[in-house]
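This report concerns only the one structure given below.
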Amino acid sequence: MSYFLCDEFQKMEPYIPGEQPKDQAYIKLNANESSLPPSPRVFDAVSQSRIRGMGHYADPHCKQLRKAIGDVYGVNADRVFVGNGADEVLGFCFMSFFSPRMKLCFPDITYDFYRTYAKTNRIDFEQIPLDADFHVNVEDYIATDRDIVLANPNNPTGLALSVSDIERVVAVRPKRLVIIDEAYIDYGNESCIPLTEKYANLIVVQTFSKSRNLAGARIGFAIASKEIIEDMNKIKFTFNPFNMSAFALAAGSAAVQDTTYLEKCVHSVLATRVRVQKALEKMNFFVAEPHANFLFVSHPYISGGELCKMLKERGILVRHYDEARIRDYVRMTIGTGEEMDKVLQQLHEILQEVKACES
Ligand SMILES: *Cc1c(COP(=O)(O)O)cnc(C)c1O
């Protein structure tokens with residue numbers, strides 16, 4: 001730590017992303033990225049002529065991308081905010097609407113960025129425990145008067161809430177802000193975007209990093225009331241007016257229009273997910289009901305940490321959280337069919353090894 005770091009940041013705990021080791025070629029299933037390429041339209045959009053124009057700033061209002069997203073979701077562009085990944089969009093939401101000491105809540109087991117951001121910015125946050133099966137208890141969120149951030153489906157559990165349950169939470173207190181992080185919504189779930197027509201206290205955040213195979217391009221967006229989006233843009237213009245690169249704007253506009261390709265990719269991930277889940281259950285794994293592009297699993301004979309380590313030795317990265325309630329689990333992204341065949345083969349061998357040690 002340098003002499004100069006602000007006092008309030010000295011106890012900061014940064015978000016820890018899934019590791020990206022380069023010592024060998026790994027099957028990378030630890031960050032819920034996609035092994036598939038982006039839409040073919042992205043290859044055309046980020047072309048030579050685009051590179052030639054890089055001497056100029058891109059549109060700070062991001063009009064084209066906001067309109068493209070709005071068209072796909074049936075909302076006006078003035079109700080769409082875009083950012084450098086959903087993380088930045090969430091950052092601008094928090095920055096715009098949560099000042100120090102404001103009261104916020106989210107589950108004890110969820111996307112860790114909410115906690116790290118709240119902590120660094122001295123927001124008074126409460127982590128509401130998921131129930132014993134890792135479900136969000138909706139009644140807790142109806143009862144609280146705190147602002148709310150919920151990932152739906154949740155990460156790392158993969159469990160989801162229904163839109164009608166979320167609507168009950170949003171409707172009960174119109175002066176309380178509810179942010180729904182829909183990073184994994186495209187994997188067969190129903191979005192809360194239509195509710196933003198009706199409720200002025202709801203922000204829905206999504207990303208191009210998962211279902212649109214563009215994690216490296218950093219594109220996320222929020223849909224909410226026109227007034228909320230105006231506020232967020234105001235904050236953006238005080239902080240980083242040119243937050244989106246010309247590459248990201250071009251790639252995003254092209255990708256979002258290709259809904260056929262999105263459906264094709266999602267369909268392939270879901271088919272592989274069904275197959276892998278069945279195979280894992282045959283091997284005696286517990287698999288939490290999946291709603292995203294990953295599985296949250298545990299096995300009676302091997303701890304999450306041990307499993308993560310043994311897979312890494314075999315060239316496969318999965319995510320393990322060294323936290324009390326989920327220490328027995330690992331989170332495994334669904335890769336390509338071929339990648340998952342290798343994973344299943346290695347898991348089979350690991351379990352044989354573990355059994356041999358026991359007997
Ligand atoms: C992956 C993820 C994000 C981050 O998305 P980016 O657009 O890559 O910043 C946000 N929220 C949740 C719940 C995620 O899993």
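Just so it is clear, glycine is given a Cβ too, placed from its N, Cα and C backbone atoms.
Residues or ranges marked as domain 'Aminotransferase class I/classII large' in TrEMBL: 26-346.
Sequence annotations record features per position, and here TrEMBL assigns N6-(pyridoxal phosphate)lysine to Lys210. A sphere of 10 angstroms centred on the C-beta of Lys210 (N6-(pyridoxal phosphate)lysine) encloses 27 other C-beta atoms.
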Query raised in the report: So what's the average pLDDT for the domain 'Aminotransferase class I/classII large' (26-346)?
Result: 96
Requested in this report: Using DSSP reduced to three states, classify Lys210 (N6-(pyridoxal phosphate)lysine) as helix, strand or coil.
Outcome: coil
